[in-house]
Amino acid sequence: MRPSTAFSQGLRACNSLLPRAVPRTASRPFSQLVNRSPLPSTHISRPQRLPILHHAIIRNNSSSPLTDRPDQASTDAQNEEQNRLRREQEPAYQITFTCKPCGNRSSHRMSKHGYHRGTVLIRCPSCDNRHVISDHLNIFFDKKSTLEDILAKEGQKLTRGYLNGDMEFWDDGSVTPKEKAEEQKPDEGKGQLP
């Protein structure tokens, strides 16, 4: 017999020995207390015990789905298209960094809202390590921090730049042509942020 079953049966046995309700003498009239005659022991009955089912097995052999959702392929394609259009319209940053453990250099896109208000992690496409870029939800750090704060703790500096057409302009005054899309190595969806 399993210990939990023995414990519950022991509780049921103790429960049947206890009175069902405690009499309240203060709420009864005095006449009921005085005129009450004791009942013979033959009238006292114990509550009936119901049989205990130790091995109740319930099986659901239904072939119908648990939800009323239609085929997911069409709705997934529509949602993916809506997300792509939304990503094209929302302001975003593009970050290019070198992963310290493996030395791989990769570029990733992240929304400005996520960087300034949320927590952003970027996954390295070669070694699959995750790098914290910003944490405003205090998930990884005790206080809100951005990439500038994280690098400043290590004594490093972030180089900022902006795009104007095909040219990249950097804070230090240098100008470089932007890499073309066919020259860049695709990330196969890893590390891509909305």
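Here the Cβ of each residue, glycine as well, is placed from N, Cα and C on the backbone.
These features come from TrEMBL:
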COMPBIAS  61-77  compositional bias 'Polar residues'
REGION    61-89  region 'Disordered'
DOMAIN    88-183  domain 'DNL-type'
REGION    169-194  region 'Disordered'
COMPBIAS  177-194  compositional bias 'Basic and acidic residues'
- Query: Over the domain 'DNL-type' (88-183), what does the predicted model average in pLDDT?
  - Reply: 84
- Grouping DSSP H, G, I as helix and E, B as strand, the residues of the domain 'DNL-type' (88-183) number 15 helix, 37 strand, 44 coil
